[in-house]
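**Q** For reference, Swiss-Prot lists these features for the protein:
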type	residues	note
BINDING	Glu204, Asp246	Mg(2+) 1 binding site
BINDING	Asp246, Asp248	Mg(2+) 2 binding site
COMPBIAS	315-333	compositional bias 'Basic and acidic residues'
DOMAIN	198-272	domain 'Toprim'
REGION	315-351	region 'Disordered'
Amino acid sequence: MKRKKTVLQQILSEKRKKVKEGDSMSGKDEFGTTKYVIYAEFEANGVVERPDVVGAIFGQTEGLLGDDLDLRELQKTGRIGRIRVEVHNKAGKTYGTITVPSSLDRVETAVLAAALETIDRVGPAEARIKVLRIEDVRATKRKYIIERAKEILETLMEQEIPETQEITEEVKKAVRAKELIEYGPEKLPAGPHVPFSDSIIVVEGRADVLNLLKHGIKNAIAVEGTSIPETIIKLSKERIVTAFTDGDRGGELILKELLQVADVDYVARAPEGKEVEELTKKEIVKALRSKVPAEQVINEMFNKGRSFYELIRERESEGERQPRQVTKPEPEVVKAQPKAETPEEKREPATVVRPSAEKIVKPIETSKSAPELEEFREFIERVKKDGIALLLDENKNVIAEIPVRELTNQLKERKDVYAVVFNGVITQRLIDTVSESGVKYIVGARKYNVVRRPVSLKIITFAE
């Protein structure tokens with residue numbers, strides 16, 4: 001009896017091991033639409049084989065339960081599945097297990113299980129069959145579903161769910177990368193506004209352009225290396241250029257090379273020790289607002305050997321003192337002007353009170369602009385109404401009426417223009433163009449970022 005129990009336990013433990021390794025689901029697939037599974041064990045007092053056991057099951061139950069529960073008929077119609085038998089021989093006896101899948105209802109399955117226990121002979125040997133249990137396959141499936149669902153949920157919980165900010169940042173990053181263009185023969189990384197913008201910002205690398213794009217600045221272009229590309233040199237002759245470099249040694253070297261080979265108008269730098277690609281929007285805006293005219297930087301760096309940041313600190317300290325110096329003497333100059341001073345006399349004190357280069361130019365323009373503005377008043381009213389640009393000869397006769405957008409191209413082709421009147425913004429680029437054409441007067445609505453002009457050219461704005 002002990003031997004029998006040991007063998008049966010060995011068989012059952014092997015089956016449980018297979019179930020744990022995943023055979024339970026493969027068994028489920030084999031059973032198909034099975035609802036129940038009958039598990040039984042048997043013992044035969046002799047050596048028998050698997051076909052002997054199967055034959056005894058079919059032979060000794062035939063006609064026992066009637067035609068409706070005949071095993072052969074049930075198997076043909078698929079209401080019971082393939083009967084599985086495992087046998088083990090030991091000490092002249094045979095032990096084993098029987099598995100019968102059933103698609104019958106629970107009552108019919110129980111009757112069929114009881115019928116198996118009526119088998120008392122297998123082959124030539126006496127035998128005894130005992131039903132261990134009837135398993136509800138659907139319950140097993142439900143258990144499997146629960147366990148598998150736990151595993152899937154744990155896997156899902158382990159995955160990091162991105163936050164809303166990360167998602168939006170990814171989308172913005174993709175859009176910025178799409179906005180990035182390649183400019184010139186060298187295919188330099190640039191913002192989408194570089195091809196047509198009057199002013200550009202020259203930075204060091206692709207990452208700098210992307211960071212500026214991130215904060216809405218779309219007119220940046222990168223030099224991509226320490227050697228300044230020919231495209232940058234060419235652009236510097238046509239546009240207003242601001243060099244915006246990193247606040248390290250590399251940024252200083254690139255800045256020096258830019259100032260030597262390109263026509264740079266302004267210089268801005270990232271805070272000391274920082275790179276343009278890592279700046280916040282606030283830091284970028286502050287750096288660009290603190291830009292310094294290139295002529296001043298060249299003088300300080302190359303002639304005096306001072307650093308850019310020393311110049312910035314000096315400008316900031318002067319800026320704190322400057323309002324007290326400018327606001328007080330100005331009323332005295334205004335009061336003294338109408339009484340006894342001639343226009344020539346008025347210009348001299350103005351140059352003393354206003355020391356910066358830009359402020360020296362303004363009194364010169366103001367002293368003559370009022371009468372000259374009246375000379376062009378008729379043309380100003382006309383361009384305000386019609387939205388065109390007028391090209392005048394020396395006798396103030398209109399020699400051409402053109403759209404404002406064609407003004408630059410026309411001035412490059414013509415050499416007989418004495419004055420230009422248009423309802424638009426006077427930029428550094430336009431001034432450079434008209435100076436090459438020999439124009440003496442340029443009259444516009446206002447001026448923007450004008451840092452240099454020829455001595456022979458007079459600029460008049462509508463507000464003067």
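Glycine is no exception: its Cβ is also placed from the backbone N, Cα and C atoms.
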**Q** Kindly report the helix/strand/coil residue split of the domain 'Toprim' (198-272) according to DSSP, in that order.
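**A** Grouping H, G, I as helix and E, B as strand yields 31 helix, 18 strand, 26 coil.
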**Q** A 10 Å Cβ contact count, applied to the binding-site residues Glu204, Asp246, Asp248: which residue has the minimum?
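**A** Output over binding-site residues Glu204, Asp246, Asp248: least Cβ neighbours within 10 Å is Asp248.
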**Q** From the Cα of Glu204 (Mg(2+) 1 binding site) across to the Cα of Asp248 (Mg(2+) 2 binding site), what is the distance in angstrom?
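**A** A Cα-Cα distance of 12 Å.
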